[in-house]
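Annotated features, as they stand in TrEMBL:
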ACT_SITE  ASP52  active site
ACT_SITE  CYS55  active site, nucleophile
SITE      GLU240  site 'Linear diubiquitin binding'
ACT_SITE  HIS265  active site
Amino acid sequence: STEHKLSVAPEMDIMEYCIKEWRGNTPVAKRMKKGYEAVSQKFAFIRRVRGDNYCAFRATLFQALSQATQLPSWLQSADFTMLPEKLLSKYDWIKQWQLKQKLGRKMGEISDEIKEYLILLKKKWKNISEIKAANERQEACDELFKNEEEEYSLYEALKFLMLNTAIELYNDDKNGRRVPVFSWLLFARDTSSNPCQLMHNHLNQIGHSGGLEQVEMFLLAYTLRYTIQVYRLYKYNTDEFITLYPNDPKEDWPVVTLITEDDRHYNIPVGMCQETVL
């Protein structure tokens, strides 16, 4: 009965899961079954991810940490934890960042709060990446994703890092530097024509009233410097069935794989049947 409290449920045979979820014979059910069959050629199992508005973060970070064998270079920079102070000194509007609510907490300085989250992210990533045995690393991830307090703190760190990436991309574009195509799309929306609007209308809402939209999946991938490969089951039999974020990944970026039925909720395929090469 604790299973629904787990952020990432135990492994289940992928086709058993499919049969349980899609019993009917409607065109949608048929398409989903075909999609799951295609995924089952590469992965034996699925782990269900808890479905709140953080599930894209949860699935991506869980996969990244369970595969981590070293600390990413961007987490190694000496001034990584100074980021909140640095940004707040330049952009006053970041004071309206929406922090996660803790019971009985007095509102501290926003930069101190976010700094704590960044320190936690670095510490957890370092500790897990130093575990050599894959099964022990998996256990450490399972343990971490049972601790709600820490888990949500990590997502706050990711959101802030995404804001930082968005600011860099926006400034690069304004200064005539080359930026990836998704960056234009990100700031072409009426609701996010600049980083301040992106924060107010999108990043502040993630985990509360909304999840990640497609274009924000690109931003997440770019922030982590990971390629996020997603099996989009409802796009089975189209060229968008397997979508890469970003779609022109750097060769040295590690790859995490997710699975979705609707671009809103993400689960994790595990137990690779064969070497998968992008």
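Glycine too: its Cβ is placed from the backbone N, Cα and C atoms.
Whatever TrEMBL says is automated annotation, not expert-curated.
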Other CB atoms within 10 A, centred on HIS265 (active site): 18
Rounded distance in angstrom between the Cα atoms of HIS265 (active site) and ASP52 (active site): 8
Entry from the recorded positions list ASP52, GLU240 having the most other CB atoms no farther than 10 A: ASP52
Rounded inter-Cα distance in Å - GLU240 (site 'Linear diubiquitin binding'), ASP52 (active site): 25
Chain-internal residues near CYS55 (active site, nucleophile), provided their CB is under 8 angstroms and they sit 6+ positions away: VAL49, GLY211, HIS265, TYR266
